[in-house]
Structures are given as structure tokens and as C-alpha cells.
Amino acid sequence: MNKVVLYCRPGFEKECAAEITDKAARREVFGFARVKENAGYVVFECYQPDDADKLVRELPFSSLIFARQMFVAGELLRDLPPEDRISPISGMLQGVVEKGGDLRVEVADTNESKELMKFCRKLTVPLRAALREVGVLTNYETPKRPVVHVFFIAPGCCYTGYSYTTNNSPFYMGIPRLRFPSDAPSRSTLKLEEAFHVFIPADEWDERLANGMHAVDLGACPGGWTYQLVKRNMWVASVDNGPMAQSLMDTGQVTWLREDGFRYRPTRNNITWMVCDMVEKPAKVAALMATWLVNGWCRETIFNLKLPMKKRYEEVSQNLAYIQEQLNAQGINAEIQARQLYHDREEVTVHVRRWWAAVGGRRDER
């Protein structure tokens, strides 16, 4: 198996392809990406047969911006016989995967592919039983073993392969299933909720999204992102010239500051979270975020970068590199991650967690 299949948002196949080609080459894995416009996936074909496994093992999935999922795959199975689709799939996986811990029968996130969802659900149970019988799957689900993927791109056509639970998306199709809360002021609230799921391990939520924390929301109106912070019982300074939803103001946890988010400067030094979803050029937002981080005005931040029409991967890479350079210049350690979330559109969401350097009034964190 010498291919890596990557799921992505339809319309962003070129960005996904540019990213995997670039980051694979940095690890001395060379190949070429097969791209079909608006397909919702990319196939990166490695020149060396073992390099696909190397890539899926060693390239941190968390470092990918435009991919929702990645797995090692073999040749495309075509024209599966309607009377027996299971045998060719089972045959393709035998000798490749031994005792996988989970099975995901998936499709791309397109309207055309979604018509196959009912079929995928129907196929999953008998396919799981057949794969257990031949040892491709264990007799019980376990997160300690590889995930077996069967990815249908059309009726009777699928890629088969595997990913590692330590380096993949835990979500079916790479998409967290979130429900829009009826009392939220806007649908943008789902962006921040998804970002929490993607960037913060579930076992760290109680510590890093704790009751009583202080947070700032830049460009907050009408309050979709503030809602997520209030929901976690934080005290929020919501900065925007536009009004906040009255339901949020009634909680008593929100202070509305009628100011421009780019001009606002915090007056307290115990802010844990700063979040920002402003419609502005990405370079301008990146510069503002770097200012907050370098000055130690917050401990963690989640913000959106709106994407241009062309060279979107290059633009995001430049913005992230700028933030990293500003932090490096001050000797500040930080963890930077970016992802085009399911609820994002022409944008990517960035998370930065700062590890405190020597700034007055701060304790050192290692």
C-alpha cells in the first residue's frame, strides 16, 4: 500500500494536496497528489512502497491544516460485484492489517457521496463480522489497535486501508458531530465548540476550560463565541462596537466593552483565554494575535484567519510562521496548531498555547 488518502473540505483539495506534498517532502517522502475538484478528498501516491506507512506514522496529524483524516491505502477497488462486495474488500485487507481495533466505512463530505451513507451503514455490520472472522479485526473494539478504513468514492468503488489511533482523527469522517444549541446567538458558536474538541484533549477540559476563568472575546457581536465561554462558567470581556445578545448579558458573566477589537488592550493580568473571529485580512489578525501572546496578555488563544481566494496554504503558512517568529524573538515557547474545521468556511482556525517565559508577574510554566 503506497497511497495516503486525506479527507478535506470540498473545494480545498488543492490546498490539502499542496500541504501534504510539502510536509511529506520535509520528511524525505516523495510522491504526487491526485486531485479531483470538489471531491472532498486527495490521494497522495508515494514513490516508495513503505513511505505511505512512514508518513501516516510519523507526520503528526495535528500538524495538518486542511486534512480531516488520513490513512494508508492500496489500489482503488473498482466494480465491486453487487452480490458480494465483502470478499474483495476482505481480500485487499488480509495480510495488510492484523487485528485492527475499529472499522469505519466512510464517504467524502459531498452531496453526491452522502447518498452512499445508507449503503455504508448497511454494509458495516456484515463487513465487520467478515473481517473479524479472518483476523483483520479483533473480536472487540479497542483504541489500542489500528483503525480499518473503507472509503467509498462511488457505488462499487472504494479505497481500503488503515490509520493509527495515536495519529488520526477520532471522529467518523473526521467530523465531530455537534448539535447547535437553540439558545446560542449565532451558528458561529459551533466553530469554537469544535475547536475545543479538536485542539484540547478531553481529559484536560476540566483544567484548561475551568469554571471562574477570565476570558476575552475580540469582535464578539452578537456573542456566538462568548456563548461557549459563558457555558463553561467563565467571566468574559466581550469587545465589539456591535451589541451583544441580551440573553448573554442577563447571565451576569459578560462585560460588554464597546471598542474596536484591534485597539483594545486588557487591564487585568489573569486572562486565560482570548478568542477572536473578526472579518479582517489574515496578516492583520496574525499581527494582533502575536502582540497578545508576546505581551503575555493571555495563556491560550483560538482565532480564525480568513482565507484569500488564491494561494491559501501559502498565506496561512506565512501567518503562522510570523507568529512563531515573534514568539521565538522573545524566547517564548508555544504550541501552535491550525485546522480548517468542519464548521469553518473560507477560513482556518488557529490555537496557540503559550508556555510562560520570564514576563513580570507571571510564574514560569514548563
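Placement of Cβ uses the backbone N, Cα and C atoms for every residue, glycine included.
Cβ neighbours within 10 Å of Lys306 (active site, proton acceptor), excluding its own Cβ and spanning all shown chains: 17. As annotated by Swiss-Prot, active site, proton acceptor applies to Lys306.
Positions annotated as S-adenosyl-L-methionine binding site by Swiss-Prot: Ser188, Cys221, Pro222, Gly223, Gly224, Asp240, Asp260, Asp277. In sequence order, Ser238, Asp240, Asn241, Gly242, Pro243, Met244 are the residues near Cys221 (S-adenosyl-L-methionine binding site), counting only same-chain partners six or more apart with C-beta under 8 A.
When the binding-site residues Asp240, Asp260 are compared by the number of other CB atoms within 10 angstroms of each CB, Asp260 has the fewest. If you draw a 10 Å sphere around the CB of Pro222 (S-adenosyl-L-methionine binding site), it holds 19 other CB atoms from the protein chains shown. Neighbour counts were taken as the number of other C-beta atoms within 10 angstroms of each residue's C-beta; across the binding-site residues Gly223, Gly224, the minimum falls on Gly224. A coil conformation is recorded for Ser188 (S-adenosyl-L-methionine binding site) in the three-state DSSP classification, outside any helix or strand.
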